[in-house]
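Lifted from TrEMBL, the feature list:
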DOMAIN    12-100  domain 'Peptidase S26'
TRANSMEM  12-33  transmembrane segment
ACT_SITE  Ser39  active site
ACT_SITE  Lys87  active site
DOMAIN    106-147  domain 'Peptidase S26'
Amino acid sequence: MQAARRYFKSFASGFVVAVPVTVTFLDYVGYVARVEGASMQPFLNPEDRSFNDVVLLNRWSVRNFKVNRGDVVSLASPRDPEQRIIKRVIALEGDTVKTRTYKNRYVRVPSGHFWVEGDNFGHSLDSNFFGPVSVGLMHARASHILWPPQRWQRIKPFLPDDRRPLDKDTIAHLEEQGAVSIPNT
């Protein structure tokens, strides 16, 4: 009985320490998540497989809400804050982007926001549907693909050439025509 009591006491004290440490780690450093859906294909969840990619989501790297164009991020959906989505950062605040299906053809991303898109156009609810997204909705940056083992890799920022923000000359020309919109968000 004495040994059982010592064992329980040891287990309980370890549990009391482990839970706060684990919660702190998950809140501030990072966690692992399974990517579902087709919005980031072919980069994540390539079509020829029947299982989902698992990624490491790095919370520490976005603690100051700093991201780069081309980063893959996890964020709360602007349509359903309980749902987390994973998208690629296309444009940052101050950038002007040519949209695909948004109500305005050209949008200047307002301060404190960014423009995100899924890699699989036509299969993604992203900024082309809900507009620029507040950086405050961002949870983490995807830093590595962990599963399946043959796809293990560091996720490097990548921005397709056709999705780059517009250059200054193009923006000046569009502003002369009144074609650039700055959303009220």
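The backbone N, Cα and C atoms fix where each Cβ goes, and this holds for glycine too.
Automatic prediction, not curation, is the source of TrEMBL annotations.
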In the domain 'Peptidase S26' (106-147), how many residues does DSSP call helix, how many strand, and how many coil?
7 helix, 20 strand, 15 coil
Can you tell which of Ser39, Lys87 has the least company, meaning the fewest other C-beta atoms within 10 angstroms of its C-beta, among these active-site residues?
Ser39
Averaged pLDDT, computed only over the residues in the domain 'Peptidase S26' (12-100):
81
